[in-house]
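Notes for the one structure printed next.
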């Protein structure tokens, strides 16, 4: 529960923006919700299928992109023999040829992983407190938020490496399949290391008792190496920069072949730059986010950040590149269509950026950890002045200002629009550029349902009041 701080006169303490400051004291309800085990994703059987299915799907999609111009391939016969032959000849054999792990791929991927971890440990940045944790009896962890300095340094350093020829960034797309395999192997390895170390050190948290489910969901809440928080590092420092450099590699490869960068390829570079830059410039908001506060660091987060995000969200860029390499033709659209998508992307990004900023800065103001930063770009409407809210009996505040007074999940709506634009820029020649959008619809639907259920348990009738105040989830007057 949150206990209101008072000043010497006994009046509620508020910050300069009119947001009450709270001193958190954990209640039995907080501890119950934090320790409650609820089987998700179909329980142990479901998560085993996901742990086997995700890598398999990644390889299947890779074969479709690498050898079939993005076409979805199917067995010639759906008999047992036909399916086995299809898997062995069309998938396994081609993975052995084009996606086997190599030394150069290991150097590229694991070298970047180590490099990013070192920067996360040594680069300067503000130290931000996270939310009070029930597992620490209301204690707060500190997070070194140096993502912005690391990001700017990486942009300059990578440009120097490419221009001087020490490391050509085109090597990334040229070794895409093998790098993906190394990332998949690393995702499983790091999960085993983090979970195993947590068990050895006795840091188990919210355990179900099922080894497969706990491997997937995680064992430890906040694994750390010194001041390096592994969960926050994996959330921002590896997936989004790798995704960005994959698109940059495609653009540079196209420039080498054609002498220009096409509109769709430039679109994807901009899209991935905006997303990656947003994660770094707003890193101080992440310590108060749901993933850091509640989710354990297991296969679900580790594998998806290490391998899933960079090597499935990139399908639009890879499709554009592979289509050109195999057909000799560049995908282009009319100026009106291309400009329209650029405008759509920028509009959606504006809502995404300011929506996340509004929510997290409001949360940070309650937490007493809000800091003002001049990271580029600082968009208007990212910080709400004198926000309105519903005060719950639990003590937390439910924001009803800004985008959050229009719908309950404005950042999700913007995220979905961005992801759809990533597909639309490639045209209608393949489903794969739209996989991210379809997958994201499923992920966000699950997240919303879980969030609504948890908030109803935590806030009771106050949640009902909030739902009456903000009745729509994604789109006003629609849903």
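Backbone N, Cα and C atoms are what each Cβ position is placed from, and that goes for glycine too.
It should be emphasised that the depicted structure is a prediction, and the values quoted were computed from it without experimental measurement.
Residues annotated as transmembrane segment in TrEMBL: 41-62 (among others).
Positions annotated as transmembrane segment by TrEMBL: 108-128 (among others). Sequence-remote contacts of a segment are chain residues at least 6 beyond its ends whose Cβ falls under 8 Å from one of its Cβ atoms, and for the transmembrane segment (108-128) they are 142-150, 153-154, 171-172, 175, 179, 182-183, 186, 226-228, 233, 237-238, 241-242, 283-284, 287, 306, 364, 369, 371, 373.
Taken from TrEMBL, the feature transmembrane segment applies to 148-167 (among others).
The list of residues near the transmembrane segment (179-201) in space but at least 6 beyond its ends in sequence, with Cβ under 8 angstroms from a Cβ of it, reads 55, 58, 62, 95, 99-101, 105-106, 108-110, 113, 172, 214-215, 218-220, 223, 230, 234, 242, 297-299, 302-304, 306-308, 310-311. Residues or ranges marked as transmembrane segment in TrEMBL: 179-201 (among others).
According to TrEMBL, the transmembrane segment annotation covers 299-321 (among others).
Using a Cβ-Cβ cut-off under 8 Å and counting only residues 6 or more beyond its ends in the same chain, the transmembrane segment (333-352) has close neighbours at 263-264, 267, 270-271, 274-275, 278, 379, 403, 410-411, 413-415, 417-418, 421, 424-425, 427. Here TrEMBL flags 333-352 (among others) as transmembrane segment.
Residues or ranges marked as transmembrane segment by TrEMBL: 420-444 (among others).
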